[in-house]
Amino acid sequence: MQEKSATQAEQKSLLLVVKDSFKELKETAIAFVKAPRALWGINIPYIIEGLIYFGILTILGKYCSENVALSDVHAGWVYSFVTGGITFAMLILGGVTDKIGVRKSLIFAFSIMFLGRALVGLSGTIPLGSGMGSPMFLVMILGLFLMVSGYGLYQPASYAGVKRYTNPQTAAMGYAVIYGLMNLGAFFSGFISPMVRHNFESVFPPNGLTAVFWVYAGLTFLALIITVILITKKTDSKAVEQIASETADMADQKETEAEEKEEAKPEIKINNWPLFGLSFLAVVLLAVVLAVKAGSLHIGITAPVSILTIVVIIGVWEFLRHRPDHPFRDMRFVFFIFILIPVQTLFAHNWLTLPYYLDRAFHGTAVSEYFEFFSNINPILIFVLAPLVAGLTAKADIYKMMILGTLVMAAPTFLLAVGPNVYLFLLYVLIMSIGEAMWQPRFLQWIAEIAPEGKTGAYMGIGQMPWFLTKVITGFYSGYFIATYVPKPESGLPIHSGKMWFIYGLIAITSPIALWMARNWMKKGEKNTL
């Protein structure tokens, strides 16, 4: 009888927790809807940009293979250049927003991305030949380079804008919503891309993909216009005043301001000439290594690679030793962001592998015919799940959420090891999306929130460094895996996609295991980092 009463009390407690969570979610959502107009100048273009960005990633491999006539391996390298280049650009340009402001950064970013995407469309419009090193390839790469540069400025500026235009109550919802809106846009690309592609196949042979790139260039220009209209100097100032007023009403505001003033330190002048010298030496050594690999320089490769490695290590040490407050000086912070690389490879496979897998492993079916749609089911799930999970887990321990979220995200990969099956694929996408919604937005919020005042853009860039490595490394081997396990149907070679996904599952599952094993050590630094 006592056990039954205890069980009922436990059930009531659980129901009460869920009820309170939804009540808190409702209150936060209402406060967020009342957010300044300038915040919608961030959110609306972000939907459009999500459509464009993920739409391009979905079709870029097919465009490189069928239009530019690159191999699967070389197409993977192009992906590495684009996705890794964006994160590298964020490392370089992340601090620009802190200097020129959110509005100017967004306008510059959209302008550069518009020009870049127009050049990619132009590469498939004018007869320029095809193949690696052809004029078509070079024009495409130039366009992608501009797009990469613009996006490297765009994303840190967007997250800095969310921080600028939200208060402590609406911040968590703000980061979750912007993450969800990006995914909503990505879902729409699954409809727009095949519709345009099929209608313009005869105008832009062999597959109509060039027309899709032109549509994306036009949408980029639309996002630019919306940004200029919604984020003016007047709306920006009004938003800052509104947020300051709302924040001032919160109980801990005065204490927070006092702490920030106490923590303010004068800027220390640093002699960067040794770092510049080491960087120049590293570039020279890298050029030597590439020349040896290309066969234009006939010397052993071991010595230059070894020296390059030593120079890079010394360069990193030289950089960090003068910056005691740099996040990379905190070993727990470094472990936390780098141990996520294995599970983050699944993000990269959403565009590096899934479009090829769906197009080839399901050849002759509706899944293959509309591979863009099936490649972008995950984004619409994230759009629904991210704000909901954020509201329900607002008070949950971040580290526990990271362990559970990465586990839920990685485990369903083994479902695909069975072989091509549309039902197992849909189940994989559903479970993986739940896991992603559990940890990814919280991680982004964590980086932005721990950033000192005026350093949000820079911290967002630094926090994205492991993501840069993930995209570069995954892009280099994904092409080989595609060519080996999911070859083109017309090649006549057998498809062994199950083996590929089993290997990918083993890689991804190491993240939650490592996070769980390091939990006690990580808890010791919870006051400073988590």
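Here the Cβ of each residue, glycine as well, is placed from N, Cα and C on the backbone.
Caution: TrEMBL annotation is automatic and unverified by curators.
In TrEMBL, the transmembrane segment annotation falls on 465-486 of the listed ranges 399-420, 421-442, 465-486.
Of the Cβ pairs linking the transmembrane segment (332-353) with the transmembrane segment (44-63) and spaced 6 or more residues apart, 3 or more are under 8 Å, so the two regions touch. Tertiary proximity for the transmembrane segment (44-63) is limited to same-chain residues at least six positions away from its ends with a CB under 8 Å from its CB atoms, namely 72, 75-76, 78-79, 82-83, 106, 110, 117, 120, 124, 147, 151, 154, 158, 178, 181-186, 188-190, 192-193, 197, 207, 209, 212-213, 216, 219-220, 222-224, 226-227, 230, 350-352, 355-356, 359, 371-372, 375-376, 379. Non-local neighbours of the transmembrane segment (298-320) in the same chain are 274-275, 278-279, 281-282, 285-286, 288-289, 292, 326, 328-329; each lies 6+ residues outside the stretch with a CB under 8 Å from one of its CB atoms. Sequence-distant neighbours of the transmembrane segment (175-193) (same chain, 6+ residues past either end, Cβ-Cβ under 8 Å): 32, 42-43, 46-55, 58-59, 158-159, 162, 212, 215, 370, 372-384, 386-387, 389-391, 440-441, 444-445, 448.
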